[in-house]
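See below for the structure under consideration.
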Amino acid sequence: MQKMIINRIVRIHILSRATGWRGLSSVSGPRVCVVGGGPAGFYTAQQLLKARQDALVDIYERLPVPFGLVRFGVAPDHPEVKNVINTFTQTAHHERCSFHGNVNVGRDVSVEELRQAYHAVVLSYGAEANRPIGIPGENLSGIFSAKDFVGWYNGIPANKELCPDLSCETAVILGQGNVALDVARILLSPLDTLKTTDITQHALKALAGSGVRRVLIIGRRGPLQIACTIKELRELVNLPNTRAEMLLSDFEGIKETLKDLPRPRKRLTDLLMKAVNGGEDKAEKSWSFRFSRSPVEVLAGADGKRAAGIRLALNKLEGSGENARAVPTDQLEDVDCGLIISSIGYKSILIDPAVPFDPRRSVVPNDMGRVQDTPGLYCSGWVKRGPTGVIATTMNDSFDTARVLLQDMETGELDLSIKKPGAQAISALLQTRGVRTVLFSDWEKINAEEERRGKPHGKPREKLLDVEEMLQIAWS
Amino acid sequence: MAASAAVRASVTFTQRLVRVSPDCSICPLHRLNLCTGSAGASVSAPSVSASGDCQKEETQEQVVHVVFVDRSGRRSPVKAKVGDNALYLAHKHGIDLEGACEASLACSTCHVYVKSEFCAKLPAPEEREDDMLDMAPMLQENSRLGCQIILTPELDGIELTLPRVTRNFYVDGHVPKPH
C-alpha cells in the first residue's frame, strides 16, 4: 500500500517537474534523511551539504523543537556551549536542507519507509533512556536519574512534573562525570547566578526553597579514574560560598604518580588535590567526592516509601590508570540523604524493529557508521558510539559518518541512479496518518515566543514546557 | 524603500553577528557593497573610506602571511592583517576549521598545531584555553586553539595545521588504503 502511494507521489512529482513547477534545482542528486535533530544530526547534514552540491538533506525530529541535548542537556549556566546552535541554524537555513519536527520515526513513519524514499538514512537519535543502577530500593521516591533531573531544570516536556523534593540537607549523586558535576553545581549555585539563565522557572523556584547544603558525588573507582573534565571541576572548586570536603586518605600515593600522567589527567588530578580542604572554611554549603564506593541498596525511611539513605560497598582497585577495575569488598557504609541522583550514563533505545540493535552495549551495531547488514543505513553520534563525549566528540564522529556516506556515493555502493522521492513522499504519508510537521520557520516562532517570555524575568528565554502549546504557536 | 529598511535591519543584525563571527563573506552588507567597515575585526583598521566599501587598504607592515595546512596536507597561504583572529581568518578563506562555541573558550573544535618556531611568539595560553585543549584529541606540545591566536607582525609566516582526528579519512576522491 505504502509502495503504491510512493509510486504515485513520484509520478506526480516527475509530472510537476515536466510542467515546470518550480522545485529544487537538484532533483537528480542524492537524497539523504537524517533521523534526529540534535548535534549529531546537524553536523552530519552540514558535512553532506558541503561536500556535494547536489545533495538534499532532510532532518526529522520527534519534538517540535530542534537541537537535542544542546537545548536539553547543556547546563543553563553554560550558555557559550550553546553557541553551536547558530551553526545548526545556518545548516537548517541551507536551501538544500529541510527540518521536519513533530515526526516520531518508528511510530509515525518507519525506518523502512524512509529507506524507500531516500538514497540513504542516517540514524542520529541519540540516547534517551538511562542506565538503571540495578539495586533494591531503586524505585523509592526521592531517587531520580540525572537524565530526568537535568531534563527537569532544562525544560524537557516529559520531565516537567518531576517535582523533586529538595527539602533534605544531603544529596547524593552517583557517578563522577560531567553530568554529575553539572547537577551538583546547579544544586549549590547561588540563585543570583541561575536567575539570569534559561533554567526553567519552576526549577528556579524549587531551588530557591531548597534545603540542600551538602552534596556527595560518589564514584566506583579512585581519583585517577574520575570521568569529569577539568573545566567542570574548576567551576565546582570556584563555586562561591561552598567548601570542598574530601578525604585525604583517598589521595594516598597519588602525588607520586602525577609526573607520569598524560597532560589532561595530570592537570585534572593536580586540581583535585588542591581542592582537598579548599574553599571558604565558613561556607555553609559543601561538596565532596567519595571514591571507591558502589551503591548496593537504597534505604527507605520510616514510611517505607521515601529514600532516607544509601548503602555503599567499599571497593578496592585492581590495575591502574584508565582501565583500573573496582572490586567490591564486604565493607559497607551507610550515608543518610534525602535526595539521590543517579548519573551513571544515558542509554540508547531501539526505535524500529527493522534496525539492528546491540542490546548489551545499547548501540546500533555498525562499522565506521555503516549499519551492519543494512545497506543504505548509517548512524552517527551517541546511538553509534555510546553515550559519552562532548559536542566536539560528536562533531568529529558525525563528520566521520558523513565521509563514509560520501565515499559510498562515489564508489557506487549507494546507487544514485535510482530516483528517490524524498520528503514529498514522506510528507504525503504523514498527512494520510494525520501527522503535521513543524518546519524550521515554525520553530522560529516558538523561539521568538520563548525569548519574549524570558525578557520580563531577565532571562534569555523561558522555555515552553508543553508540546501542545509548542505546536499551537508553531502553526499559528 | 523596502530594500533600505531591510539594509537597516541587517546592519543591527550584522553588528550582532560580527561580534561572534566577523565573516565578511556571509554578511549581507558586504554582498551589497554597503559595508562601512565599522564591524571589522582588525584592531588597526584605518578610518572608514567615504565610498563605504569594505576596508581593504593594507600597508606592508600590516600584512601577516599565514599558511593553513588542512587535513589532507593541502597548503593554503592567505594574507591576513595584524589583529586578525586565526579562526575567523580560516572561515573567511573557506578553511575547514570549526568554531562551535564561537571563540568563547567553551569547546576545542578550533584546535590547530602551530609550527614550532612560532609557538614561543604566541602569548602563553590562559588557564581556560588549557582546560579546553585538554579535551582535544591528538593533543601535542604545539597545540593551540585557533580562536585565541591573534596575529601580530612577529607571526608573519606562521603555519597552522589542522589535526587529523578521524579514523576514516576521505577527501576529494582519495580512497583510504585498505588495512
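Just so you know, glycine gets a Cβ as well, placed from its N, Cα and C.
The shown structure was predicted, so the numbers you read here are calculated from the model rather than taken from an experiment.
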Task: NADP(+) site partner of A:Q176, A:G177, A:N178, A:V179, A:R220, A:R221, A:G389 (as recorded in TrEMBL), chosen from A:E232, A:E235 - done: A:E232
- [ ] Select one of A:V105, A:V109, A:V111: the residue that TrEMBL places in the FAD site alongside A:A40, A:E61, A:L69, A:W382, A:G389, A:V390, A:I391.
- [x] A:V105
- [ ] Tell me the Cβ neighbour count for A:Q176 (NADP(+) binding site), meaning other Cβ atoms within 10 Å of its Cβ, over all protein chains shown.
- [x] 25
Open item on the list: Going by Cβ pairs closer than 8 Å, show me which of the binding-site residues A:E61, A:Q176, A:E232 neighbour chain B.
Closed with: none
TODO: Give the maximum pairwise CA distance in Å, whole number, for the residues A:A40, A:E61, A:L69, A:V105, A:W382, A:G389, A:V390, A:I391 listed as binding FAD.
DONE: 25
Task: By Cα-Cα distance, the member of binding-site residues A:V105, A:W382, A:I391 nearest A:R220 (NADP(+) binding site) - done: A:W382
Task: Rounded Cα separation (Å) that holds between A:R221 (NADP(+) binding site) and A:E61 (FAD binding site) - done: 38
Task: Three-state secondary structure, A:I391 (FAD binding site) (per DSSP) - done: helix
Task: Of A:E61, A:E232 (the binding-site residues), the residue whose Cβ has the fewest other Cβ atoms within 10 Å - done: A:E232
TODO: Tally every other Cβ atom lying within 10 Å of the Cβ atom of A:W382 (FAD binding site).
DONE: 29
Open item on the list: I need the least crowded one of these binding-site residues (A:L69, A:V179), counting other C-beta atoms within 10 angstroms of each C-beta.
Closed with: A:L69
